[in-house]
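Taken from TrEMBL, the feature compositional bias 'Basic and acidic residues' applies to 826-848. TrEMBL lists 273-314 with the feature domain 'DUF7630'. The region 'Disordered' annotation in TrEMBL covers 826-862. According to TrEMBL, the feature transmembrane segment maps to 319-340, 361-381, 422-442, 468-489, 524-548, 614-634, 640-658, 670-690, 710-732.
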Amino acid sequence: NRFLSDNKITSVDSGTFKSLSSLMLINLANNPITTLLQNAFTIANSSLKIIYLMNTKMEKLNMKAFEGQKRLKTYISPQHATEGVSADQKALFVALTEAGFADGNQTYRAPCPTGTFVPHLKNFQYGTAMMAKCIPCPPGGFYSDSVATVAEECLRCNLGTYVPPENAPGKKVLDCEVCPTGTRTNLHSGHRACKCIKGFHRNDRFGPCESCPSKGLDCLNESVSLKKGYYWQWNSQMNRRAYEAFAKNLKIENDTYLRNSTSYNGTLPIPYQCPQVVACLGGLESKCAKGYTGPLCEVCEDGFYKRVLSCKSCPSSTWVIVQLCLLGGGVVLLIGILIWSGRREKSKEKRPLVDILLARLKIVIGFYQVTSGIVEAFVYVKWPSSLSMIGDYAEVVQLNVLQFVPLHCLFPSWKQNAFSKMYVIFGSNFCVMFLAFGCYWIKKLFLLRKPTSESLEVKDSLSATKEFLYRNVFLYLFITYPSTSSAILRTLPVACHKLCTETSCKFYLKADYSVECEGEKYEFFTLFAFVASSYIVLLPALIFVALWRRRRKQVLAVENGEGEIEFSAGGGGEIGPRPPSAYCFLCLVEGSIDESELISGMSFLYENYNDDAWYWELVEVIRKLVLTCGIILIGRESRAYVGLASICSGLFAIVYAFRKPIRDEFEDKLQLTSLLVIFLNLGIGVILKIPKESVPSDVDQHVDSLLVNILVVGANILVILLVVGRYLAVLLHNFMMWRKNPQCSATCCITMLLSLNDLGSGVNSVAAGGKSSGLKLQLGVGGVDMPSMRAAVSDNVGFEIEEVDEDAENKNKGKIVKAVHRFMSKDEGGDTGTETKHTDSPVSDGRRFNRFPSIKSTVLQS
């Protein structure tokens, strides 16, 4: 046997093997032979049986080269070889294996067929040759069109072609097919049907490639992976593990990939954007960050609580109790200020202190209510951290205790969800109403049991109590109305979010993804929510009816010719003649319109508006509902919804600027500023919805983020700074007055710190000295004598010290008022012989009227 394969033989000359009469096999495969000369294989008494001439460069075969041979087989380009060679010697066995004869057994070796190859032996040991096998060409870009191919791999298909698994192993170049769509046909296909184009993925190693199915997916290494900030849910863990094995198998570039994981026959889950990007870690398993769990990673784990948008670790029990105490102390302080200001002596020359306080307080509260609602509603906008922090602390303004103070951290067994929050908010509203009802009856029983109480005194005291309780109840309901409405709407079926796996879908509450929108329990809760939704309409309707009845009575009074008193346009509260086009506060002389305590308690809803804008607080309620609750009904993911809310906010600001419903100049500017800042916040939200990829590369992201935060913080604290700055300006002016005549007493300190009365007239008017402020009275400057103890106590503490007989005054009360009317009419007609003092007015915006001995004595003398 002569094994001359894999050499550089180019021709076989005549008589090359003529003396080898015992020669049985000649292997000349894998040589660049181009010519066989005449009598090349002529051997006398020849025993030659097989000649291998595979993989040569001969274009034609010279038959004269085989003269003298009778029973000879020559393999030139066979599909398979059945002729083997006996290999009874180890050296011959090794030589045959190295020549591509790796098929057979220990004593019989045959050449590897087409479509296979055998690697070169690492060493020429018998054991190594025994391990050698004919390896089929793998599917992909490989084929072998000759037998006994000795190589490290099969021949490669042309670029952009491959051999499908069903046609493997490739035995000729025509077995290589064009790669499917979505692949890179300019490269060798390798062990797959060509690599995918960038941004494409495949579900079969030898199948076509497809573009990434939707937003939220990364197509890397020809497989799909979930981006950070997105969530999906597999129908079963078996499907997830199957795709995970397939994706891992795709990363293997060589022939060692697993043949049983070359395709994934299932479907991929639908990716959903997470409201909190940091909560969703992405990946095939769609893991949540620490503290987050559940669908969209929107449920807080045990030991964590929801704070506006994110899950925070539960604070210590001590800190929770401290927060409750601080919140309760703030509420008590506010109630105390309202009580103190409500008991102060009312004057027709100035707006009551409680009205000034509540009018400006409701503007500030309304602004931060809307700001907090916007941040919470548009959770898919990555708001600046500064604005999120403002929205976080704005929950305190809304008295949303469950949002700010994690009560369930104190009681872990209490599972807090959207429905329990709604029950607590509703329960707190009713508790406040029942508490007010109880306080009224306690006060009534106390007065009735008082031995010295007279019927008129009891009636007046109860009337004042009613007014105070109505005011505080409606103030509480007004503050909690947006959060209550939001809590109700968030539990309705329209506020459910559809999340699908590969084969099925479920609905979850957007407000609480731990609650599924199905089942008998949810249907019962939904029934309660539908009934409770009537609260959203009933409370504004009640206010509208009450204000409309009041307006109707006022119009009738004007038509009957009854007198009116108006506050000046500047908010100073001075009495002046009413121009035909002027608007006035509905402050009527006692007897012309009999306002109930209910209307008086609602005064903070209308007293700072013009007469023909008596309904404007309802417009404000609608604005808050549209911007905070309306988004719950229409959606919150799209940039279009943020733009729609921004347009609505801008329209409200434009209508307000043209309408100017608020009389007080400072309050008008404060409200307009709050509307413009909300419009700015929503505009920033629209900008932040622009993908970062669209931002030019030359923009410094750090500086850009810093400027946005500065802009947001500056704009959102501007509203509160206007109020604080106004107060500090008056306080500074009072301090300068105190330096002229230093006094040190409790009365003086209280008057200086609680200078809210001077806010109504403005700093300029106070500085001008046009009117005597409370501090001037305390310091005895500005041409005013020092007050007596009686005047100081009456002015600052709220006690009324009078020397007039109560019964006699009450009996003549109606007569006195009529006399005042006649006297004032006579005085306007030109009879100025008698001087009328206006220091104590019997009217103050439709409320209970104080008794003023100075007016009575003047009228009686007249």
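Quick reminder: no glycine exception, Cβ is built from N, Cα and C everywhere.
Just so you know, TrEMBL annotations are computer predictions that nobody has curated.
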Residues of the parent chain within Cβ reach of the domain 'DUF7630' (273-314), under 8 Å, 6 or more residues beyond its termini: 215-216, 218, 225-233, 240, 243-244, 247, 372, 375-376, 379-380, 382, 388, 391-392, 395, 403-404, 406, 408-409, 412, 497, 499, 506, 508, 512-514, 637
DSSP-assigned states of the domain 'DUF7630' (273-314) in counts, ordered helix, strand, coil: 6 helix, 18 strand, 18 coil
Maximum Cβ pairs under 8 Å to the transmembrane segment (468-489) - stretch from the list 361-381, 524-548, 614-634, 670-690: 614-634
Cβ pairs under 8 Å between the transmembrane segment (640-658) and the transmembrane segment (361-381), at least three: yes
Same-chain residues at least 6 beyond the ends of the transmembrane segment (614-634) whose Cβ lies under 8 Å from its Cβ atoms: 366, 369-370, 373-374, 376-378, 481-482, 485-486, 489-490, 494-495, 510, 536, 540, 543-544, 547-548, 550-551, 586, 605-606, 641, 644-645, 648-649, 652, 659, 661-662, 678
Model confidence over the domain 'DUF7630' (273-314), averaged pLDDT: 87
